[in-house]
Ligand SMILES: NC(=O)c1ccc[n+]([C@@H]2O[C@H](COP(=O)([O-])OP(=O)(O)OC[C@H]3O[C@@H](n4cnc5c(N)ncnc54)[C@H](O)[C@@H]3O)[C@@H](O)[C@H]2O)c1
Ligand SMILES: [Zn+2]
């Protein structure tokens, strides 16, 4: 685990860093939320400490170094015994060094260590008098804390009355489980409040809040038991002499919640090796725990060892926190994607500004469902707390609402299935395409029959759905074997429509190979790439015979794309055979297959244009604005096809390499750029005249 340190270069930067750290800690302990995640805060504090070590005379009295809660929390209820923080180690070696220094201090090796999870919440002292819970106090600055007795009754595991009528102080951690956190945020957002960024700040904020319209339940875990002034002598002696593990057993007998009932119960280790083995086991189950832990706390178990070791101003010397890597980082939610799963479930996924969590770069996080987005009050552009533990898919915990700038935008929910365009069933929290398992088929068919692919008129979205639902079409090829009788059996299908559709299907059979290839929907082969591939190989057989290396001879296909195209085409082999058998054209008009004898790649040659053929031979042409005259009906894709049929090369942006810009009405920046660069311009009519020979026999 790497331990980053903020670099502080001079005294001014030091003072600024101290201010920043104190402000962050104040917000953190108040539960209002800090602008920094823990890693960033810790790096800053380490930077401050490093600068102070080098400039001992210039240490600011405000410095967080050596103080409980960085000096940022306070209170007016004095503690009977100081409530301290813990020192940290980050590796087995550091732990061994700490154990060795403790052994030196004690004059003997520690024979019993207590090993517990480091619960990620906040410390609290609960005072019981005669078995009744009378007061709750925060840690504060360690010497005095804040009275939060109003929270009595909201902490699971901290009963109002103990099983035994003792007078005692119970210390431990207040946290929110993942479930409690979700409930608290939902209640808060429903009541018009801003969500908490994570369970820890939710616990801190909820504990301090008074007179709230709703109750936020939290969970308490005991890790300390000590006498109060009125504790009877027998119990006081037992508490003073009892080992930590024994006190935890006693606390459980009193009816207080300890880690004993969790998947990570406190345990005793007899050696440094045993401690390290136990740390490994706790770290391994961390992702599965229903609450957050940020490390493992190791304590000398025996009271005598604790007494002999003593404490510093900030932390005891007999205990140490073995920190685990942070699982939370703050980053930005850039976008929400809606993906449709195999069964038609439409799931949102957050696209994040890349952030590194525990050595992995995270760019996506699950968002579960639309209700989840609403519950969390998430917005585009929000800074979000991202959680990633182990191999579990990262999730967005909540927005960091206090970092909002006002520029955040609502997240738009899809109105139709983002894949096939059908309706969405929103009756459940998890939205689902009404096509369910057929969604993918409907989407791929709708794409294949679209204007830029097979261009089958009369086959709109609803017809496609109808054919699929009637069980008449299970793949693209089935379209071409539909019979008149089958069509007439469909609702809202008269004789004329049926005949028109059959005619459109017959025409589609003669589409050029480029469009058939495009219709297959192979990733990386959109309209213009399909044309380039078809022109280069001329026949489907030649394309299918090509390996990745051969495919890379096509302009624009690199080493990454080529193998995936080859693999997808191999998967599609049965469909392609079925299409060919149904009479679908598999050749590109006007193109010749690469010569079988010319083994050498045609280096440097522009494969999309035969330099000797066509009025646009060797030219790169850009089309912009609205086409008119004989070109009025052509889509942009059809214009590009025309350019390529005429031997040219179509491009979408104007550069010095552009030879001609066809500019229609409302041509904007591309036209002005062409003028700036002195590139030849043509009106749609002039261009139509240029390629007149190709316009007449146009197939579509
Ligand atoms: N993001 C920020 O701006 C910001 C600001 C201040 C502090 N912090 C974070 O807070 C942490 C430092 O806070 P801290 O001083 O509260 O110390 P700490 O959380 O590192 O360790 C001490 C605390 O651990 C808790 N604890 C959990 N399990 C325990 C167990 N089994 N036995 C004993 N104690 C146990 C207790 O509450 C104790 O007070 C750092 O991780 C820091 O990153 C963050
Ligand atoms: Zn769908």
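Any Cβ shown, glycine's included, is placed from N, Cα and C.
These features come from TrEMBL:
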- 38, 39, 40, 41, 42, 85, 86, 116, 139, 173, 299, 323: NAD(+) binding site (BINDING)
- 118: active site, N6-AMP-lysine intermediate (ACT_SITE)
- 417, 420, 439: Zn(2+) binding site (BINDING)
- 586-614: region 'Disordered' (REGION)
- 611-685: domain 'BRCT' (DOMAIN)
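Take the Cα of residue 42 (NAD(+) binding site) and measure to each of the recorded positions 118, 417, 420: the nearest one is 118. In the three-state DSSP assignment, the secondary structure recorded for the residue listed as 'active site, N6-AMP-lysine intermediate' is strand. Residue 139 (NAD(+) binding site) counts 24 other C-beta atoms within 10 Å of its own C-beta, drawing on all protein chains shown. In this model, the domain 'BRCT' (611-685) carries an average pLDDT of 89. Closeness to ligand 2 is met by none of the recorded positions 38, 40, 118, 299, no Cβ falling under 6 Å from the molecule.
Here the recorded positions are 118, 299; the one with the fewest Cβ atoms within 10 Å of its Cβ is 118. Applying an 8 A CB threshold to same-chain residues 6+ apart, the list for residue 417 (Zn(2+) binding site) reads 340, 344, 346, 423, 424, 433, 434, 435, 439, 443. The Cβ neighbour count for residue 40 (NAD(+) binding site), using a 10 Å radius over every protein chain in view, is 18.
Among the binding-site residues 40, 299, 417, 420, 439, no residue has its Cβ under 6 Å from any atom of ligand 1.
Taking DSSP states H, G and I as helix and E and B as strand, the domain 'BRCT' (611-685) has 24 helix, 17 strand, 34 coil.
DSSP assigns residue 86 (NAD(+) binding site) to coil in the three-state reduction, outside any helix or strand.
Each of 340, 344, 418, 419, 421, 422, 433, 434, 435, 438, 440, 442, 443 belongs to the same chain as 417, 420, 439, is absent from that list, and has a C-beta within 8 angstroms of the C-beta centroid marking the Zn(2+) site.
The Cβ neighbour count for residue 86 (NAD(+) binding site), using a 10 Å radius over every protein chain in view, is 18. Its own atom aside, the Cβ of residue 420 (Zn(2+) binding site) has 26 Cβ atoms within 10 angstroms in the protein chains shown.
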